[in-house]
């Protein structure tokens, strides 16, 4: 995973709190136990401060996970950490919803809130 792929642009309305929601319904990674592919939906919700994430760079960042052996919980927290570092939002939440494996589905949510 390469967080340096993430690009940003200036938020034109930094004094207004508004929520940006970006959904990737085609996220893939690899189960580190079985080596089988994991399929999920990643939802990014954030209130920007001075910067917003650029979508094409986010897409390529997500593609870095395609061949990575990584647990769901680690995917979710890694994405949150990398995006918080790049965007420095007021608030951010990552929700990862994973397709059923052995009849069990998993949803992982990780959140960040800047100190006021």
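Cβ from N, Cα, C; glycine included.
A sphere of 10 angstroms centred on the C-beta of residue 31 (active site, thioimide intermediate) encloses 14 other C-beta atoms. As annotated by Swiss-Prot, active site, thioimide intermediate applies to 31, with the evidence given as sequence analysis.
Under the DSSP three-state reduction, residue 38 (active site, proton donor) is assigned to strand. If you take the C-beta of residue 38 (active site, proton donor) and look for same-chain residues 6 or more apart in sequence within under 8 angstroms, you find 28, 29, 30, 31, 72, 98, 99, 101. Under the heading active site, proton donor, Swiss-Prot lists 38, citing sequence analysis as support.
What Swiss-Prot records for 53, 54, 55, 72, 73 is substrate binding site, and it gives sequence analysis as the kind of evidence. In sequence order, 22 constitute the residues six or more apart from residue 55 (substrate binding site) in its chain with CB-CB distances below 8 Å.
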Max pairwise CA distance, angstrom, over record-listed substrate binders 53, 54, 55, 72, 73: 24
Cβ neighbour count (within 10 Å, all chains shown) around residue 73 (substrate binding site): 12
